[in-house]
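K.L.:
Structure incoming, see below.
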Amino acid sequence: MKLRTQNPPHIRSRESSLTMMTDIVIATLPLYAMAVYYYGTRALLLGGFGVIVSSMADGACQLLAGRIPNIRDLSGAVTGLLIPLLLPASASYSMILLAALFGIAVAKQPFGGMGQNIFNPAAAGTAFAMICWPKSAFAYPVPFERLPAMVDDTVRLVSSPAYSLSLGGTPNIDLLDMLLGNAPGPMGGTNILVLLTCLIFLIVRKTVGLAMPAAFLGGASLMALLTPRVDAPALTAVAYELMSGLLVIGAVFLINDPVTSPKRTLPKIFYGFGTGALSMAFRHIGRYEESFLFALLVMNATVWIIDVWGEHLAHAMRRKNREFKTNPPVSEPAEQDVGAAQK
Amino acid sequence: MNLIVSMLTVLVSSAVIENLLFARAIGADHILRQTRSYRFIIEFGLGAAVISGVTVMPLWWLSQTFGRESWWNYARSMAAVLLIAVVSLLLTIAMAAAGRIQKPMRLVDQGAVYSASLAVVLLSLTAKMAFLPSVLYCFGASAGLAAAMILVHAGRERLELCVLPRPFEGLPITMIYIGILSLAIYGLIGHQLPT
Amino acid sequence: MRNYPRKGILLEQNKEPGLSKEIRILPALPVERSELPGPVSSTPDMLAPYEIVSIAKEANIVDEIDGRRLWKKLAQAARESVSGIVVDALDDEPYISSQLAPTLQFPEQLHQGLRLALRAIGASKSSIEIYRNLFDLDTRIPSSIMGVKVDRISGSYPAESYARRRLQRNSTLVVGACALLFLQRAVYEGLRQTSAFVTVTGDCVANPGNYEVPLGVSAGALLEAVGLITDPKRVVAGGSMTGFSLTDPSTVYLSQTTRGLLAFAEEFQDMGYACLGCGRCTEACPQGLSPYFIYKVMQSHRKHHIELADADLCIGCGSCSYVCPAKLDLAQVMAQAAAYTRRRQTAGGQP
Amino acid sequence: MPFVIVPTLSLKAGLLMSAFLAAATIPSAVLASLVGRKIPPLFSLPFYGTVSTGCVLLLRFCVSGQALLLEDLGVYVPLAAFNGMMLELALVHPRRRVPDALHDAVMMCFGFLLVAAFLSALREFLGSGSLWGVPLTAPIRIRGLVLPFSGFILIGFLSALFRRVDSIIIGRMLHASRRTAKQGGDAV
């Protein structure tokens with residue numbers, strides 16, 4: 001009988017790209033539930049629109065690149081799910097459309113598509129939308145006011161706590177409401193408790209590691225502690241800074257994007273810390289009330305430097321460590337050769 | 001203390017906020033061809049910093065004196081070019097005398113240094129700052145340019161490992177990379193730059 | 001307690017039901033006895049070391065852990081006067097229990113063989129090494145076998161090669177359990193080694209277990225004799241992590257070093273995923289290499305930074321391929337990178 | 001030439017910028033072909049730089065009526081003297097004969113004119129909803145297009161598009177030649 005051969009190992013773990021992406025999709029669903037609870041079914045419309053647009057853009061770009069469209073790995077859908085969560089619930093459909101198109105067709109596919117993009121597509125698209133429509137991207141609807149499917153001028157839009165922080169004033173919302181998400185802000189960025197639950201879920205599922213989010217939040221809070229913007233008690237100020245804007249949702253979803261983050265543990269910590277510190281620092285300098293996405297993009301550009309630096313470090317440690325210098329035992333090379341020969 | 005803080009502000013803003021490459025795209029076409037190694041980038045930045053820093057001193061004094069006249073608007077550029085030429089020639093000769101030059105810089109690289117220094121000098125003059133800040137501005141802007149070039153170089157190294165779509169290989173993907181980076185920088189700063 | 005490797009992967013050991021069953025000789029494949037010339041010594045404990053070595057040579061016993069002749073190993077160890085013998089019975093690869101089962105089922109024979117080997121090399125210390133992370137066992141592993149201390153090796157998957165390397169470094173002779181059993185048979189009963197212990201398992205095998213099969217039998221014949229439920233899609237000779245799959249089992253013949261024969265019903269289908277860059281391979285690699293980095297660098301034309309990655313330190317354990325969520329064949333890439341790096345080193349930096 | 005794309009936010013500015021580039025490039029290229037071999041390399045760059053700067057400033061004096069546009073271009077006008085085309089033609093590959101140098105310079109400037117016109121028109125139309133200063137109604141208004149970074153991204157996509165078209169044309173030609181060769185082979 002003739003059998004198909006294949007290189008060792010002959011058993012594989014059950015985890016796959018599909019399961020990882022499915023975990024992230026599952027983690028976004030509670031946020032959409034909360035958004036429906038606060039803003040009505042328009043949240044679902046936005047999410048579905050984003051998913052459809054970005055998946056179709058993904059497939060179309062793959063067709064243009066001459067490959068068979070493979071949207072099974074759900075990466076485009078994840079991008080489309082994340083973009084509305086980063087924008088206000090009153091975002092117009094053209095905003096979502098442009099953000100998704102920019103994220104997929106500019107920030108992802110020209111770089112070679114899945115797994116090769118340097119910048120996080122969701123972050124890039126949302127940043128582009130924010131720059132194109134600064135007014136409507138930073139004006140948020142009030143929770144518990146049902147939004148119509150088509151937002152018109154009758155909808156009451158207010159500014160977010162992040163804006164009042166950027167003006168140097170303490171938000172007039174108490175911390176518990178911000179914790180529960182009963183505060184104007186990005187559609188998915190406000191309900192902190194749900195976000196932390198999602199983070200715990202992802203960490204338990206081992207889809208993301210603990211290192212980067214912890215280092216990110218640590219860096220952000222340290223920066224906020226050192227350079228306070230409001231004259232409140234220090235811890236209160238730090239809590240306000242952390243819970244306003246996109247920091248927490250970024251710590252859950254955007255920082256942990258496996259493609260655009262370093263690989264070894266120490267570089268991961270460095271990257272997370274740097275991103276947190278940078279985004280907090282530019283809340284002082286920048287004009288926009290939210291600087292996390294831009295800081296993330298800048299840090300994405302430095303990931304390759306960080307990775308090579310980490311490889312240098314590991315190289316030096318191996319050189320120092322005697323144990324790794326001994327030659328491999330006799331059996332394995334033989335089996336390698338046989339495996340290669342069989343192939 | 002206050003002085004130091006203001007100086008630091010000038011340095012940081014010139015290096016990051018008014019970054020020559022990302023915010024103004026000055027020298028991009030040279031950089032695209034010529035980011036060969038980190039060492040070269042450092043030398044490039046140092047050269048631009050020294051040349052522009054030395055050049056801006058007499059120019060600042062000149063613009064203080066002739067700033068009102070209408071012909072100065074034209075004479076400024078010409079004077080800057082000539083001064084940069086003189087300073088860079090002196091620098092080259094000095095380094096050659098010190099024996100620091102193994103092989104002379106290629107002409108195109110010299111051109112890149114020229115245009116970078118020219119841009120720095122003219123910008124620091126249009127900003128109408130005091131004397132010391134404008135010199136600091138030159139150093140900071142050159143440092144920012146070098147940092148931007150390092151980022152671009154790292155990006156190209158990373159892009160070598162990607163299986164890019166064929167039409168995008170080389171220049172186009174680098175341009176898109178720089179574009180997204182400058183989007184990020186612009187968002188961090190968040191205001192339109194005066195040209 | 002030594003914990004090595006520091007990294008690596010924790011596999012679920014599918015050793016049952018193979019391990020707890022007793023070792024059988026298949027009626028379809030009888031093991032023929034071939035006597036050694038000369039009488040069997042009545043007092044084996046009185047034998048001189050050189051006699052034991054010569055008997056091992058006569059009986060041409062092969063050590064199953066590295067395929068070397070036992071008498072050569074013994075003679076070399078006697079020359080180098082090593083301090084002791086470690087019986088290698090740790091099967092850290094899933095499914096395989098062809099060393100563990102004989103150790104647990106023929107303890108006194110093993111003990112006698114161990115005593116003979118100790119006499120042969122003139123050493124005193126001895127211990128038996130068994131893998132610690134064995135969860136789903138029906139039989140419990142004793143703390144000592146016939147007074148010989150059992151050393152439980154903890155740590156995740158590629159523990160065997162690490163244990164071997166550590167022992168080689170502090171001058172201890174590592175002998176496989178099966179080889180010692182055959183040594184005991186040769187001395188006490190005067191038999192040559194004409195058989196080997198093989199674990200036959202997998203989801204196609206009717207009654208999985210450890211079998212003593214004559215040497216030179218084809219894998220196909222062994223599978224037929226053990227009995228198949230369905231026709232297997234993949235047949236693997238050797239361990240499930242490092243063994244190699246066979247195109248035609250009827251043309252591959254078992255040797256002393258074949259420790260397992262696995263028959264699986266399902267194939268891997270390629271989902272066409274691209275590398276996510278999740279970095280799990282980097283977390284898994286026991287050698288502290290970064291298969292992600294090496295994979296990326298090997299993709300590129302001019303292989304920058306390849307000398308950083310130390311690909312030649314790869315031991316081919318296959319952990320990276322196991323954990324890869326995109327199901328990439330990273331072990332193959334690592335092997336190519338290792339060959340490339342060695343070429344570079346020999347060529348003086350230039351491939 | 002990307003850096004001159006950035007300030008060209010309107011069609012007029014694009015055309016003016018390409019005019020400056022031409023003023024900087026063509027004379028120095030011709031000059032290089034004339035006296036290029038007489039100048040020692042150490043002094044060639046200052047020489048050409050001065051010449052092209054002079055030409056650029058001359059042109060600027062001529063068009064000084066367009067105060068607003070010049071205000072927009074600002075510091076980029078003198079920088080046009082050191083553009084990549086001028087360096088390329090004058091320093092790296094100076095042609096030996098004047099007509100060749102002229103031909104090269106004019107062709108390069110014309111190509112740049114096309115690109116600049118297209119991009120600046122696109123950015124003006126979609127970005128600020130007007131064309132040649134005449135307000136129009138754009139289908140969708142993307143404010144981001146008037147910002148510097150979109151200049152980079154547009155250039156990237158444009159050059160990728162050109163390459164794709166080139167590769168398609170070359171592929172067609174290769175295919176045709178292969179087919180003819182195959183037929184020839186059959187005939188033989």
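From the backbone N, Cα and C atoms, a Cβ is placed for every residue, glycine too.
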K.L.:
In TrEMBL, one of A:304-323, A:324-343 is tagged region 'Disordered'. Which stretch would that be?
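P.N.:
Range annotated as region 'Disordered' by TrEMBL: A:324-343.
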K.L.:
In TrEMBL, which of A:128-146, A:185-203 is tagged transmembrane segment?
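P.N.:
Comparing A:128-146, A:185-203 with TrEMBL, transmembrane segment matches A:185-203.
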K.L.:
Does the transmembrane segment (A:185-203) make contact with the transmembrane segment (A:292-310) through 3 or more Cβ pairs under 8 Å, each pair 6 or more apart in sequence?
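P.N.:
They do not touch: fewer than three Cβ pairs between the two stretches lie under 8 Å.
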K.L.:
Is it the case that the transmembrane segment (A:292-310) and the transmembrane segment (A:234-256) touch, counting contact as three or more CB pairs under 8 Å in which the residues of each pair are 6 or more positions apart?
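P.N.:
The answer is yes, given that the two segments have at least 3 Cβ pairs within the 8 Å cut-off.
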K.L.:
Restricting to CB pairs under 8 Å, which listed stretch, A:77-107, A:210-228, A:234-256, is in contact most with the transmembrane segment (A:268-286)?
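P.N.:
Comparing A:77-107, A:210-228, A:234-256 against the transmembrane segment (A:268-286), the winner is A:210-228.
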K.L.:
Would you mind listing the long-range same-chain contacts of the transmembrane segment (A:20-39), meaning Cβ under 8 Å and 6+ residues beyond its ends?
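P.N.:
Long-range Cβ neighbours of the transmembrane segment (A:20-39): 47, 73-75, 77-78, 81-82, 85, 89, 141, 143-147, 181-182, 187-188, 191, 194-195, 197-198, 201-202, 205, 207, 249, 252-253, 258.
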K.L.:
Who are the long-range neighbours of the transmembrane segment (A:234-256) in its own chain, taking Cβ under 8 Å and residues 6 or more past its ends?
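P.N.:
That would be 24, 27-28, 31, 82, 85-86, 120, 122-123, 160-162, 165, 170-171, 175, 178-179, 185-186, 188-189, 192, 195-196, 198-199, 202, 207-209, 212-213, 216-217, 220-221, 224-225, 228, 272, 275-276, 279-280, 283, 289-290, 292-293, 296.
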